[in-house]
Amino acid sequence: MTDPSTNMRLKLPITCFILQIILIILFGVLVQYDEDTDAKKHHHGNHSESKSDIENDFYYRYPSFQDVHVMIFVGFGFLMTFLQRYGFSSVGFNFLIAAFSLQWATLMQGFFHGLHEGKIHIGVESMINADFCTGSVLISFGAVLGKTSPVQLLFMAVFEVTLFAVNEFILLTLLGTKDAGGSMTIHTFGAYFGLMVTRILYRPNLDKSKHKNCSVYHSDLFAMIGTLYLWMFWPSFNSAVTEHGDPQHRTAMNTYYSLAACTLSTYAMSSLTAHDGKLDMVHIQNAALAGGVAAGTAGEMMLTPFGSMIVGFLAGIISVLGFKYLTPILENKLKIQDTCGIHNLHGMPGVLGAIVGAVTASLASKEVYGEGLEKVFPDVASGKRTASDQGGVQAISLAVTLGMALFGGLIVGFILKLPIFGAPRDTTCFEDSLYWEVPGEEESHEDQLTTVKTEESDKLNS
């Protein structure tokens with residue numbers, strides 16, 4: 001027997017149908033192909049400007065888009081399968097909210113960045129940017145993993161995508177911030193938004209589900225698959241929308257070496273912080289990726305290979321120390337129940353990346369960049385602002401992002417507390433059978449789960 005408060009029989013279908021119908025209508029009214037996608041405009045441009053089809057932006061951007069897309073659906077999805085009885089929900093809800101978010105993000109980002117004569121023009125770069133926005137939502141999902149219903153997650157995505165687009169517009173367009181790999185706009189925003197949401201959704205009796213908030217051997221192996229996909233494709237993620245040529249090449253290279261250095265420091269710190277010297281799979285799955293996060297902002301800058309290795313090395317150390325010592329403090333003292341430890345993988349490394357970006361930007365000069373200064377820092381090259389000014393803008397952007405994320409998460413958290421969204425009880429968190437049909441050997445466990453009397457559950461949650 002299903003708990004009526006968590007029964008998705010009507011709530012989920014109604015939510016999905018309404019949201020998708022609204023999206024279809026808005027796309028029909030507002031969205032058009034851009035010049036590289038529209039048959040009439042593209043061929044007219046080719047004839048008048050002697051362009052060849054191979055110069056279409058698709059051929060420059062689509063390989064990176066493929067890598068980013070795999071990261072969003074496979075990387076993030078499998079990274080969260082570490083919970084022993086929440087694998088269906090980790091991958092399945094990741095799939096659901098990503099599919100919705102990329103559509104909504106296309107509209108929100110298009111409204112701020114791609115609006116021409118009242119229409120949103122989209123191409124392959126729009127798809128990449130929509131995936132970036134989706135990544136931020138999935139980071140926040142990690143903080144509330146196992147404690148929210150799919151309807152809650154969809155509504156969280158509605159609000160977060162909107163706030164993401166506003167924050168991105170303020171940083172990239174109004175302030176002229178450089179953040180190609182999204183250390184601030186994606187990772188810092190998603191992490192602190194999610195942390196504030198999970199703080200507002202604090203569950204005092206979550207320890208009643210503590211026995212399910214852990215991994216088993218095979219669930220950690222599945223999570224490691226997600227880690228490897230993310231690790232391999234992160235250079236593409238950070239470089240996907242940078243300028244063609246040396247900035248894109250440099251971003252991929254800086255990320256590549258940052259990840260490698262981060263991995264070694266992660267293994268070292270994981271062993272060092274254990275009394276018996278044994279490695280912790282949680283550290284390896286997550287902290288080894290922190291180098292990619294930290295290299296996001298400064299990746300396209302002249303960070304240098306050894307500089308990127310220093311950044312990755314520090315990111316791995318910070319991330320492991322966060323998992324080992326800071327996460328318990330956040331839960332016990334600040335009542336922040338961070339299921340996936342997003343503060344350690346995305347939050348602190350994102351802030352580190354923003355700081356590195358600010359310092360690196362402040363050191364930019366014609367002597368270092370040559371004619372390439374115009375590609376990376378056009379305002380500095382034109383004399384509109386000094387390198388020190390650019391560094392200050394980068395620092396201000398971090399403060400703006402933190403403010404937007406924390407305030408937005410606060411408001412959205414209170415909205416998601418409404419009982420209409422069908423959140424699970426404290427006693428039934430981290431459990432697939434609450435929302436999924438489970439096969440074979442899982443059925444006996446589901447039967448045991450549903451025998452808990454409603455009044456007993458109410459008592460535990462009071």
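Counting starts with 1 at the first residue shown.
Placement of Cβ uses the backbone N, Cα and C atoms for every residue, glycine included.
As annotated by Swiss-Prot, topological domain 'Cytoplasmic' applies to 1-11, 84-94, 147-152, 202-220, 324-344, 417-462. According to Swiss-Prot, the transmembrane segment annotation covers 12-32, 63-83, 95-115, 126-146, 153-173, 181-201, 221-241, 303-323, 345-365, 396-416, on the basis of sequence analysis. Feature annotation from Swiss-Prot assigns topological domain 'Extracellular' to 33-62, 116-125, 174-180, 242-302, 366-395; the stated evidence is sequence analysis. The N-linked glycosylation site annotation in Swiss-Prot covers Asn46 and is backed by sequence analysis. Annotated region 'Disordered' per Swiss-Prot: 441-462, in sequence order.
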As a test: from 63-83, 95-115, 181-201, 396-416, pick the stretch that has the greatest number of Cβ pairs under 8 Å with the transmembrane segment (345-365).
181-201
Leading contact stretch, 63-83, 221-241, 396-416 vs the transmembrane segment (153-173) - CB distance under 8 Å:
396-416
With pairs restricted to those 6 or more apart in sequence, evaluate whether the transmembrane segment (63-83) and the transmembrane segment (396-416) have 3+ C-beta pairs under 8 Å.
no
Could you tell me what the rest of the chain brings near the transmembrane segment (303-323), counting residues at least six beyond its ends with Cβ under 8 Å?
250, 253-255, 257-266, 268-270, 273, 280, 282-283, 286-288, 290-291, 293-295, 341, 343-345, 348-349, 352-353, 356, 360
Between the stretches 12-32, 95-115, 396-416, which wins on the count of C-beta pairs under 8 angstroms to the transmembrane segment (181-201)?
396-416
